[in-house]
Amino acid sequence: MNVSWALLAVVLVLTVATYECRPRGRILGGQDSKAEVRPYMASIQQNGIHQCGGVLIADKWVLSAAHCATNSSNSSLNVMLGAISLSKPEKYKIVVKVLREIPHPLYNSTIKHHDLLLLELSEKVTLSPAVNPLPFQNENIDISAGKRCLVAGWGQMRLTGKKPDTLQELWVPLISRDVCNRRNYYDNEITANMICAGESRKDSCEGDSGGPLVCDGIAVAIVQGGFRKCGNPTKPGIYTLIEPYKSWIMESMYNATLQSNPSPL
């Protein structure tokens with residue numbers, strides 16, 4: 001009898017361990033993307049290593065998250081576009097140096113407010129079936145809770161730190177701000193400029209930060225960073241809405257263009 005109970009205890013321990021080791025990455029529960037399906041996706045890299053996601057919004061501009069910035073006057077970042085695989089050769093894959101990093105001036109790394117970053121590329125990219133900008137939300141439209149939107153990235157897939165070589169994508173439901181601000185969720189930390197999305201064991205994670213949340217073919221928000229256990233139903237993914245920052249985006253792009261191409265006296 002004692003042996004039987006010992007065996008049962010071992011089985012229970014192994015079962016719990018197996019459950020805890022299931023993937024919990026941000027793009028947890030996702031699937032491989034396909035070539036040319038997400039031509040707006042960008043991999044922001046430092047020394048050839050993927051750091052964050054991003055979204056191509058113009059032929060010389062990528063939108064990402066402010067916590068992905070290097071905080072250096074001379075950017076050491078590169079952006080990979082036209083890729084599904086981070087390592088394998090692909091027909092339209094290109095790597096472009098970042099000329100300028102423009103984090104939102106009010107970004108607060110402690111509370112993650114205004115977590116947006118504009119990256120000006122060193123050259124205009126040649127558009128192709130695998131490299132194409134995505135329009136972003138510029139109208140103040142409240143998207144209904146429960147709507148399923150797409151998030152993609154090369155972020156962490158397991159708590160062990162495993163990251164994919166192939167772009168992962170996942171449809172996640174939006175969660176109302178009222179629910180996300182409940183005490184057992186984020187306890188009133190979600191501002192009017194943020195939105196939550198995700199469900200149990202379906203989420204985005206470390207390395208997906210900066211990538212877009214896409215609803216009806218439009219980038220509506222950007223994946224935030226944060227210290228949380230990915231895939232936790234009461235700690236869903238937090239995203240920075242793009243629409244409240246449309247003026248900052250357009251003005252920053254315009255001013256940077258003027259600096260790069262000053263008018264003759």
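Using N, Cα and C of the backbone, Cβ positions are placed for all residues, glycine too.
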Let me make sure I read this right: Swiss-Prot says Cys180 forms a disulphide bond with another cysteine. Which one, out of Cys196, Cys205?
Cys196
Disulfide partner of Cys149 per Swiss-Prot: which of Cys205, Cys215?
Cys215
10 Å Cα neighbourhood of Cys68 (disulfide bond): matching recorded positions from Asn74, Asp115, Cys196, Ser209, Cys215, Asn255:
Asp115, Ser209
Calculate the distance in Å between the alpha carbons (Cα) of Cys52 (disulfide bond) and Asn108 (N-linked glycosylation site), and round it to a whole number.
18
Using a Cβ cut-off under 8 Å and a sequence separation of 6 or more, which residues in the same chain sit near Asn108 (N-linked glycosylation site)?
His114
Taken over the domain 'Peptidase S1' (27-254), the model's mean pLDDT:
90
Among the recorded positions His67, Asn71, Asn74, Cys180, Cys215, report those whose Cα falls within 10 Å of that of Asp115 (active site, charge relay system); none is a fine answer.
His67
